[in-house]
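Structure record follows, encoded as structure tokens.
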Amino acid sequence: MVLRSKYLCSFLLIIAILSHVSQSLHFELKSGKSKCISEDIKSHAMTVGKYTVVNPNEPYPTPQSHKINIRVTSSHGNTYHHAEEVDSGQFSFTAVEGGEYSACFAAHDHKPDVTLGIDLEWGTGVHYKSLGSLAKRSKVEVMEFEVKALIETVNSIHDEMFYLRDREEEMQDLNRATNSKMAWLGLLSLFVCLGVAGMQFMHLKTFFEKKKVI
């Protein structure tokens with residue numbers, strides 16, 4: 001029993017680490033262009049994002065050509081974050097409505113054209129809440145926080161499995177309904193063909209009888 005618990009904790013820890021790493025993203029954006037990054041967020045889930053434009057002139061300030069506009073919206077068109085002429089920033093909110101949320105980045109037109117590198121970290125759940133205060137807490141509180149993070153990860157995976165199972169059942173119902181309709185359509189086509197063949201047979205029989213062939 002202890003061995004199984006040890007393996008379970010190790011498995012959950014790996015999931016938590018992979019879940020955290022997978023949220024980091026680096027992409028490039030050309031001047032005068034825009035790009036949107038989407039994230040599927042469940043209702044009442046907290047989400048945190050942090051973005052930074054890579055400064056090509058370190059340690060000098062970021063040039064004006066590397067400023068961006070950003071807007072975070074839900075699938076219903078509600079805006080949760082908006083900033084203009086910035087080179088970095090962050091946003092956090094609790095999703096009121098479940099669905100797909102989009103973070104759209106836009107770079108101003110610049111001559112000559114420049115390519116901006118943008119680092120984005122965006123995720124949901126306990127992992128992405130502020131961890132700055134944890135350094136001042138005891139090891140027990142830090143461990144409690146990590147356990148809560150693991151539990152939330154497991155619950156998220158559990159909900160996702162049930163969601164996929166429901167989708168699979170919907171697809172199976174759709175397949176069964178489609179197969180049933182195709183079967184009835186096949187039988188109807190067979191009866192129509194038999195009816196047409198019978199009518200042709202009777203027509204030919206009548207024709208040959210009139211011609212006294214049979």
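Here the Cβ of each residue, glycine as well, is placed from N, Cα and C on the backbone.
Lifted from TrEMBL, the feature list:
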DOMAIN    34-149  domain 'GOLD'
SIGNAL    1-24  signal peptide
TRANSMEM  182-202  transmembrane segment
Compute the average pLDDT of the predicted model within the domain 'GOLD' (34-149). 82
Using DSSP, break the domain 'GOLD' (34-149) down into helix, strand and coil residues and give each count. 22 helix, 56 strand, 38 coil
